[in-house]
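Copied from TrEMBL, the annotated features are:
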- H128: active site, proton acceptor (ACT_SITE)
- N158: Mg(2+) binding site (BINDING)
- 63-252: domain 'ENPP1-3/EXOG-like endonuclease/phosphodiesterase' (DOMAIN)
- 1-23: signal peptide (SIGNAL)
Amino acid sequence: MHKPLFLAAAIAATFFGSTVSTALSTAAYAKGPATDCPHIFGTNGKPSVASSAPASRTQFLCFRGYAVQTSATTRTALWSAENLTAQAVQAARSVPRNSEFYEEAEIPAADRARLSDYGRGTGLDRGHLAPSGDFPDLASQAESFSLANIEPQAAASNRRLWSHIETSTRRMVREYGQAFVVTGPAFDPAQPARLNGRISVPTYMWKAVFVPGVGAAAYVARNDATPRYAVVSISELASFAGVDPFPRVDKAYRDSPMALLAPTPHPGEKSGRKVSLATLTSTAVDRSAQPVAQEPRHEFRQSCVLPFVRAVLTHN
């Protein structure tokens, strides 16, 4: 696959630099469907997807820091999985955020999201499933900007409540030392919506967390500006979303949700309110565009990257 130039530069920077990598070696990494991505799943197994229209045509991809299963029906991922360690999450805090979204060439053109699908004025962000802030090196972070790892996410949620949930997840990883995390969308057939006539817009977003020896549970949030969320068991999530994130985890962990940290608000912002799943899903999701600031554009400046790439090639 021809990698975007910014991604090639990031990989070169990670290789030649002294950036801290994940605790698990990336020697096992092989981009594409030819690997089971053992450095991501451990002994937990891949998430399983219930038989449904979105699951009828799927593709599995393994990246350095995460793995995804994408759907040709929704042109999004059905889940994105990570194996996070305290060391890696701490190192990620020092990695500058300077990457560019790109179309995933491993997915057939007709089955994948396009950059042009995400226009301005929709109220929807290109929302990461495996967030860029989780990754401890430039190469892994750059790969997180593949559209295979992106969902059309309400800007008011992506930049507030959902971002707060991501922060709390990293806090738990630092507290416990390691956590397996799977993130995905849930689509309500009664509330269908498509972005640019091509990309299915999730009704809900969820993030499942498994801490070995401690427990497991999942956050669920509406894909709108509603500042409320639910915490559910893995069994309840599998029934609700049609995805079982941890199929090999013991039944005791699956049926009883562990305590998850409340979402961590940014300075000056309010925390989301925890409610039951029944309350969260009792009303339709608001599809109207919310008045929020424009999504920051990650512009690719070739003039900045080319000298760096030449320097790397000369060094090699």
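Cβ coordinates are placed from backbone N, Cα and C, and glycine is handled just like the others.
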Counting across all protein chains, other CB atoms within 10 angstroms of the CB of the residue listed as 'Mg(2+) binding site' number 23
Compute the C-alpha separation of H128 (active site, proton acceptor) from N158 (Mg(2+) binding site), stating it in Å without decimals. 9
If you average pLDDT over the domain 'ENPP1-3/EXOG-like endonuclease/phosphodiesterase' (63-252), what do you get? 96
Counting every protein chain shown, other Cβ atoms within 10 Å of the Cβ of the residue listed as 'active site, proton acceptor' number 24
Where H128 (active site, proton acceptor) falls in three-state DSSP terms: strand
